[in-house]
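What Swiss-Prot says about this one:
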type   : residues : note
DOMAIN : 21-87    : domain 'S1 motif 1'
DOMAIN : 105-171  : domain 'S1 motif 2'
DOMAIN : 192-260  : domain 'S1 motif 3'
DOMAIN : 277-347  : domain 'S1 motif 4'
DOMAIN : 364-434  : domain 'S1 motif 5'
DOMAIN : 451-524  : domain 'S1 motif 6'
Amino acid sequence: MTESFAQLFEESLKNIKTRPGSIIQGTVVAITKDTILVDAKLKSESKIPIDQFKNSQGELEVKVGDQIDVALDAIEDGFGETLLSREKAKRHEAWLTLEQAYKDSKTVVGLINGKVKGGFTVELEDIRAFLPGSLVDIRPVRETMHLEGKELEFKVIKLDQKRNNVVVSRRAVIESEYNAERNLLLETLQEGLIVSGIVKNLTDYGAFVDLGGVDGLLHITDMAWKRVKHPSEIVNIGDEVKIKILKFDREKIRVSLGLKQLSDDPWTKISERYPEKTKITGRVTNLTDYGCFVEIEEGVEGLVHVSEMDWTNKNIHPSKMVQVNSVVKVMILDIDEERRRISLGLKQCKNNPWMEFSKKYNKGSHVVGKIKSITDFGIFIGLEGSIDGLVHLSDISWNISGEESVKKYKKGEEVLAVVLQVDPDRERISLGIKQLQEDPFAKYVSSHKKGSLVSGTIKKIDNNVIVVSLSEHIDGLIKFLNISDEIMNVHDNKPWNKAKIGEIVEVKLNSIDKKERIIYLSILEKQELKISNDIKKNNSHKQEIDKDKNFSNAMTEAFKAAKNVD
């Protein structure tokens with residue numbers, strides 16, 4: 001009976017493939033902690049490690065009574081036991097699936113689980129495949145972090161089971177999907193349409209958004225109404241965004257997208273909301289060498305030029321006045337809605353030191369300050385409020401030239417001056433030092449009128465004029481034509497020879513040039529004046545004599561008439 005059973009069993013083995021590697025079917029008859037007992041109707045039941053029946057999450061995939069495929073390793077291992085493998089059977093199934101997919105050009109599902117030279121490794125159930133870097137996507141992809149760990153579809157483009165070589169492509173799947181989606185999308189896309197998409201890539205100038213078969217560019221300037229330094233401030237890879245189609249070139253299949261266009265333009269009617277000279281608070285968003293940008297509301301920024309930051313420090317660097325994210329008070333100076341530019345002022349929200357000075361000091365007021373600098377055109381004096389006043393060269397001395405008088409002063413020296421003029425709008429203060437004293441020229445001409453006779457001392461003799469000192473620091477000029485014969489020798493090569501330096505002369509004050517501060521004198525006209533005065537005097541005397549004579553004659557005639565009557 002036993003031999004008969006053995007013979008029958010041997011005969012049954014002949015009817016099945018019993019060489020190692022064959023795939024046969026078995027039944028799960030028992031499950032223990034470490035093994036699973038499988039009956040494949042061979043000489044004995046086989047114990048297979050339980051790990052071969054678990055999935056990638058560590059979950060057991062079979063139960064007692066399940067029919068499963070296993071690979072035959074050996075009918076008898078020398079100890080009377082049959083060796084089976086569930087793992088090899090699964091690999092065999094996977095290869096069959098890959099072969100069918102390769103034959104039918106269908107996709108398979110796998111996971112990108114590592115990076116190797118030239119590409120990535122992909123786990124296709126129990127088979128490891130190679131994914132070239134150029135076939136990850138339609139566009140080059142440097143990082144696959146956002147793809148790793150996700151179930152993705154691939155196409156098998158090369159298969160060699162003997163060499164255990166499988167090459168897959170994700171790009172082929174995307175292209176196939178894109179072609180179908182693109183054709184459908186291209187029929188519906190139009191400018192002004194609001195669509196949804198997935199951010200797939202970021203650059204310095206914007207973000208590429210997958211609209212479902214067609215990529216569109218969301219430029220950085222169309223992300224928000226406010227200033228955006230980098231696209232990552234607004235969107236990130238993988239974000240689903242709602243955007244507006246701004247431009248669509250159907251021939252070149254180029255799509256320009258806009259995000260900010262979904263909200264109202266904050267620049268609309270901005271001049272009505274912020275009239276000039278309005279004072280508001282804002283946040284500093286950026287610093288440059290020429291100023292700082294201040295956000296006065298969401299999406300609206302204005303520039304505070306460096307010249308509008310401080311009343312006195314015109315070239316101060318913005319970083320010494322404000323910092324990024326600082327909240328500051330500014331004034332609206334100008335709005336150009338067309339060019340979307342706003343000029344703001346920081347200093348205008350502080351007291352104007354020039355205006356404060358003009359309120360405190362009037363023309364003629366005395367001020368004290370230290371000399372800050374001396375230039376070719378005058379002296380700058382530091383005044384309260386950290387402002388400067390200028391003493392022009394012409395306002396240093398009444399009698400000495402500015403070039404000479406300025407040499408008497410040194411930087412840092414404290415001086416007294418008179419306020420001549422204050423112009424807050426032009427930020428200028430004119431000061432004078434000579435005005436601390438009375439003008440000797442004005443004093444002299446006020447007491448010596450034109451045409452009067454004055455005396456002076458000859459100070460200098462030139463070929464054309466004689467300089468006469470009339471008073472301390474007051475000189476007069478006698479021109480050649482106004483020199484009398486008394487001091488002139490026409491036969492000499494010199495125009496005169498009798499005039500001597502130090503000689504006191506009496507002259508006529510001929511004319512006064514107040515602008516040039518020159519007094520013109522004349523000796524000739526002085527003599528003419530004397531002659532005229534003498535003639536007038538003689539004429540007056542003669543008239544008196546004639547008057548007396550006429551009176552005497554009248555009396556004589558009267559006596560004669562009286563005598564004849566008698």
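Cβ coordinates come from backbone N, Cα and C, glycine included.
With helix defined as DSSP H, G or I and strand as E or B, the domain 'S1 motif 4' (277-347) counts 7 helix, 38 strand, 26 coil.
The predicted model assigns the domain 'S1 motif 4' (277-347) a mean pLDDT of 93.
The residues of the domain 'S1 motif 3' (192-260), classed with DSSP into helix (H, G, I), strand (E, B) and coil, number 7 helix, 35 strand, 27 coil. With DSSP classes pooled into helix, strand and coil, the tally for the domain 'S1 motif 1' (21-87) is 6 helix, 31 strand, 30 coil.
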